Amino acid sequence: MKKEIKVLPLIPLRGITIFPYMVLHFDVGREKSIAALEEAMLNNAEIFLSAQKDAKTEEPKEEDIYNVGTLCSIKQLLKLPGDTVRVLVEGIKRGRINEFLETENCIKASVELEESENIQETVKYEALIRQLKNSFDEYIALSGTAQLETFMEIDDIEDGGRLADTIASFLLLNQNSRQELLEAFNIEERIEKLLVILSREIEILKVEKKIGSKVKRKIDKVQKEYYLREQLKAIQEELGEEDEDQKDLKLYKEKITKAKLPKEAKERALYELERLKTSGAYSAEGGIIKTYLDWVIDLPWNKETKDNLDIKKAREVLEADHYGLKDVKDRIIEFLAVKKISNSLKSPILCLVGPPGVGKTSIAKSVARALNRNFVRMSLGGVRDEAEIRGHRRTYVGSIPGRIIYGMKQAKSKNPLFLLDEIDKMSSDFKGDPADALLEVLDAEQNNTFRDHYLELEMDLSKVMFITTANTLDTIPRPLLDRMEVIEVSGYTYEEKLNIAKNHLIPKTLKEHNVIDKITFQDGAIMSLIEGYTRESGVRNLERQLSSVVRKAIADMLEKDKEKAVINAGSINKYLGAAYFSYDKVEKEDKIGVVTGMAWTAYGGDTLPVEVSIMDGSGKLELTGKLGDVMKESARTGYSYVRSNASKYFIDPEFYKKKDIHIHVPEGAVPKDGPSAGITMVTAMVSSLSGKKVKHNVAMTGEITLTGRVLPIGGLKEKTLAAFRAGIDTLIIPKDNEKDIDKIPKSIKSKLKFIATDNINDVIKNALVGDN
């Protein structure tokens, strides 16, 4: 390709790209640009036009101007008011700036101009030309912007370069795309780039047309429906009939009248009904209003069930459904007794706390049955948004009432038993804390005026009996906990589990499998399941294992053509394999530095062995066993006590200078925390440092202080059950926990010896062999 070089005046264009063969007029106002025009008129009226990279730049420098532009011929100049010149130009050919030659008056540039390219009319070239014309025809047809002359002009062009430039000048492209086409000196390359751009523009136009057609159809449909509805209304008026809107309005008015709504709710419902008249029942706003009215009308504002005040019958229902749970049953009976005398008594708000599977949720159903109240359950596990409790305001699209109002609608009475399950599993985020919303719900002094954000009406919740359940109180906010009456539901003993299995679980399981008279369980089989195949405070896993045994027994009966089956301890081993669990048993002999402690978790109690080893060193205290911060602090407190009282226990007072102490609490992978192992760790340290053995049949629990006092702990019943399972017969407990011994079943209490103390000296005296 041959090129010629010319020195030409240059005008940087703002937001404009000129192609060869393109005729365009634009206004010039900058002094240097006007000077460039005057210079061009003195030299064959030729000027070089190139686009600025940023149209906002007032005084462009070399780096602000694209290197590739167009040599143009000035066809006309017209002076306008305000020192502005309107110029009409025609593009001649492309050019590339080699060098800027800025003079005092204007910008000049040394430009390499494109010479005509000899094109070989290959098959590919012909195909590109044909494809370009077809694509442009399609573009014009879709856009509908060009006139007939445009088609004729394009069809008459045979030269590929000119065709591409002419089509590019017709397209509404952004600056970058236009510049990219201008910089394509090779004709085939230019056509290919233009085809890509055209294809994209065609696709965009198709989508625009599709969207436009869809919108038009919707508008036409709405207009058509409106027209037909108005026609129908006119015909119905002539025939003396009611239209659908009027029927809906009449129906809602009847419902509002029959619902016997409170004054505020009735006024709001009638106000919304008036809004429905003006908006139309079948409009978008009408749908929202109808949904709101349905909620208001369907709520049990004045519907109430009559409580069963027959205490004897209520007690029978509770005893029939559940074994144990004495505190819960007694509290319900107390409520009924007072309710029978005083009708103004507010419903209690109870919180049942205990391990999983002990019957917290199911006892709530039984209480509802005993009281003859409707039952509704709401799970709070994972709830993190306040709006789930109070509802969403009606300003939001798709807003609905909160779970409290939803539950009341389900209950169909204003005095149901409302179970708030897993209240300890709530969390909070940037949307708010659901616990804050529950403060009003669970406050007997405030919940008679509860307002849901969606309804914005007062709902009386004072007659609702709320029962909440939790595995632990630690995660329940203090203000919320303060509003509830906490009842602890402890884990079951072996004896209680045996009774529950015989009287409740086995009959239920056999009935579900339709083998009530065909399968019998011996007590030994049930105890084998309880001891070896479940490890829990409740009976949930026990029920699963019973179901598993029954299924396998049924399959065994059918395979062997047996009519009946008796399940004994051997059958359990046959059907379920070897026992899954073996509870920690006490050491068979007294040892130095090994003490059995007791632990409590949300899943019940367990034994907690503590091991201490003494080594030569420099007084370091090593703690292992995945201990929490509180337990580590308890260990350090005990270590300090032993150091300050070493001589009392016949220990070298300077042991800390030459001995390292390592305290380990198996199992190492299980996290442990809490202060209740304090006296256990002190006893183990004293045993190791003094060389005296610890009685293997003794277990202990209690918090230690620096002065040797033993402070109370929680979960004594669960800890006692765990110690009993492990074969312990003597328990050392804090003096302040002596009152909790009464909560332990007599069958276990009678087999254990309890030593209650308030100082560590008594602990060590009773724990170490031969210590006096």
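Keep in mind that glycine also has a Cβ here, set from the backbone N, Cα and C atoms.
Feature annotation from TrEMBL assigns domain 'Lon N-terminal' to 8-202. Annotated ATP binding site per TrEMBL: GLY354, PRO355, PRO356, GLY357, VAL358, GLY359, LYS360, THR361, in sequence order. Sequence annotations record features per position, and here TrEMBL assigns domain 'Lon proteolytic' to 589-770. Under the heading active site, TrEMBL lists SER676, LYS719.
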Candidates LYS360, LYS719: member of the recorded positions with the richest Cβ shell (10 Å): LYS719
Sequence-distant neighbours of GLY354 (ATP binding site) in its chain (C-beta under 8 A, six or more apart): LYS360, ASN471, GLU488, VAL489, SER490, GLY491, SER537, GLY538
What Cα-Cα separation, expressed in whole Å, is found between GLY357 (ATP binding site) and SER676 (active site)? 25
May I ask which residues of the same chain, at least 6 positions away in sequence, place their Cβ under 8 angstroms from the Cβ of THR361 (ATP binding site)? ARG377, LEU419, ASP421, THR469
Are there any residues in the same chain, six or more apart in sequence, whose C-beta is under 8 angstroms from the C-beta of SER676 (active site), and if so which? GLY597, MET598, ALA599, TRP600, THR701, GLY702, GLU703, ILE713, GLY714
Using a 10 Å cut-off on CB atoms, tell me which of the binding-site residues PRO355, PRO356, GLY357, GLY359 is the least crowded. PRO356
Output field, ATP shell: CB within 8 Å of site CB centroid, site GLY354, PRO355, PRO356, GLY357, VAL358, GLY359, LYS360, THR361 dropped: LEU352, THR469, ASN471, VAL489, SER537, GLY538, ARG540
Distance check, please: Cα of VAL358 (ATP binding site) against Cα of LYS719 (active site), rounded to an integer number of angstrom. 16
Where does the mean pLDDT land for the domain 'Lon N-terminal' (8-202)? 84
For a quick check of packing: other C-beta atoms within 10 Å of the C-beta of VAL358 (ATP binding site), how many? 28
Between PRO356 (ATP binding site) and LYS719 (active site), how far is it from one CA atom to the other, in Å? 16
Whole-number Å distance between the CA of GLY359 (ATP binding site) and the CA of LYS719 (active site)? 20
PRO355 (ATP binding site) sits from LYS719 (active site) (Cα to Cα, rounded, in Å) at a distance of 13
